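Enquirer: According to Swiss-Prot, the record shows the following:
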TRANSMEM  4-24  transmembrane segment
TRANSMEM  28-48  transmembrane segment
TRANSMEM  55-75  transmembrane segment
TRANSMEM  88-108  transmembrane segment
TRANSMEM  151-171  transmembrane segment
Amino acid sequence: MIKLVLFYFFSGLSLVSASIVISVKNPVFSVVFLILVFFNVVGLLLLLGAEFLSLLFLIVYVGAIAVLFLFVVMILNLKFIELRSSFFYYAFFGSLIMAIFLFEIFIILNSDLTFASSYFLERKRIWVQELYSYTNLQILGNVLYTSYSYLFILSGFVLLVAILGAIILTLYQRSQIRRQDPNVQVVRNFDDTIRFFKFLK
């Protein structure tokens, strides 16, 4: 009974916080409520018995990404920027994206994961029978490196492409921008560095 009450509490609070994230105009408040959503999801994962996933979610999303978003928003001082477009302009695209998302969920539930089961779930194991012989981390690692090994490698390639893209963007330099050259600064003569100018009165 207590777990059911906690489940409804965390799920309801997460839904309310998520709605505030997309409805509030102040970006600082939006990021704060996003952090609250992450905390509620951590509570739901703890109720499901996934301690490792909950702590990983807390460290990665709350401790790194959400705090980074909050610092960036506070540094850029975006809280006074007003929305130039109307509400119906954003509501149309938001409704379109939500309809596509719900349609994809409907297809996945009706297809019973036929694509995933035919390629990745052939070697699945009944983990309920071995619940007391394996820890949560061992079960997660076994499933990740056996049944979902292809998806794990694909996610690694996605991260590699993101890293290479960031490096390529930083390597591009414009010729019009003046930059400091340490080699030129070191070899300069002291006599040519300091110059005295006399101003006529």
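Heads up, the Cβ atoms here are built off N, Cα and C, so glycines get one too.
Walk me through the surroundings of each of these features.
Expert: Away from its own ends, the transmembrane segment (4-24) comes close to residues 30, 33-34, 36-37, 40-41, 43-44, 47, 94 of its chain (Cβ-Cβ under 8 Å, at least six residues beyond either end).
Outside the transmembrane segment (28-48) by six or more residues, the chain places 3, 6-7, 10-11, 13-14, 17-18, 20-22, 54-55, 57-58, 61-62, 66-67, 69-70, 73-74, 79 with a CB less than 8 A from a CB of the stretch.
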Enquirer: Who are the chain neighbours of the transmembrane segment (88-108) in space, where the CB to CB distance is under 8 Å and they lie at least 6 residues beyond its ends?
Expert: 22
Enquirer: Excluding the flanking five residues on each side, which residues at least 6 beyond the ends of the transmembrane segment (55-75) place their CB within less than 8 Å of a CB in that stretch?
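Expert: Here the qualifying positions are 27-28, 31-32, 34-35, 38-39, 41-42, 45.
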